[in-house]
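Listed features, source TrEMBL:
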ACT_SITE  13  active site
BINDING   13, 193  Mg(2+) binding site
BINDING   14-18, 30, 58-60, 62, 64, 174, 180-182  substrate binding site
ACT_SITE  61  active site, proton acceptor
């Protein structure tokens, strides 16, 4: 491919609907979705994407049934425990963005261990948005700027961008047929190219990603100009 996005964002939507269309419990959809994520992360690294951010669990997702939320937290913890060594070997740096205070303590420990183990890796940065909301991120950024005692007249777009948890997106992919941002990286997505897939996340393949990237190469990015 002639043009690879430096920063790719993915809203992994459709696990529950995938399970329901097959007459399966929603938990099966989340397990299958985790398998898809591992394949896509590996493929992103293989084709040279340097920054990948996935929307794993939103601040709004806490409103889901407690049993489902608990399953998702355990699924994430188990995946981290199994895959930390592989991420280190593949030189993938992992960064968690979101409100960690709401996450189970055991999961937070696993997340911090993974971040520490991979912090010097340089081949690709893999940001996992957990208990994340775009508006909440901007609110935290403003709190941080206030703590730094930056004068109001010196608070520019550049200053805000420097305090965000990730860099600007080049391409944002959303699976699952819906066409909205759902409070994901709303500042960073300001000039991103958007690509919507009708496939549910568990059915999304490396070929589907390649098609999205091929579409990206054909677009003329204007950045609002």
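A Cβ is built for glycine as well, from the same backbone N, Cα and C atoms used for every other residue.
Here the structure is a predicted model, which means the values were calculated and not measured.
Remark: of the binding-site residues 16, 64, 180, the most isolated position is 180 (fewest other Cβ atoms within 10 Å of its Cβ).
Residue density at residue 193 (Mg(2+) binding site): 17 other Cβ atoms are found within 10 A of its Cβ, drawing on all protein chains shown. Residue 58 (substrate binding site) is surrounded by 21 other CB atoms, counting those within 10 A of its CB over all protein chains shown. Residue 182 (substrate binding site) is surrounded by 14 other CB atoms, counting those within 10 A of its CB over all protein chains shown. For the residue listed as 'active site, proton acceptor' paired with residue 182 (substrate binding site), the C-alpha to C-alpha distance reads 11 Å. Listed in sequence order, the residues of the same chain lying 6 or more apart from residue 60 (substrate binding site) and placing their CB within less than 8 Å of its CB are 133, 182, 183. In this structure, the residue listed as 'active site, proton acceptor' is part of a helix by DSSP. When the alpha carbons of residue 18 (substrate binding site) and residue 193 (Mg(2+) binding site) are compared, the span between them is 26 angstrom. The closest partner of residue 193 (Mg(2+) binding site) among the recorded positions, by CA position, is 180; the full candidate set was 13, 14, 16, 58, 180. Using a 10 Å Cβ-Cβ cutoff, residue 61 (active site, proton acceptor) registers 16 neighbours. Residue 18 (substrate binding site) falls within a helix when secondary structure is assigned with DSSP.
The Cβ of residue 14 (substrate binding site) lies under 8 Å from the Cβ of 29, 175, 176, 177, 199, 200, 201, 202, 203, each of these being in the same chain and 6 or more residues away along the sequence. Secondary structure at residue 193 (Mg(2+) binding site), taken from DSSP and collapsed to helix, strand or coil, is strand.
Taking the Cα atom of each, residue 58 (substrate binding site) and residue 13 (active site) are about 11 angstrom apart.
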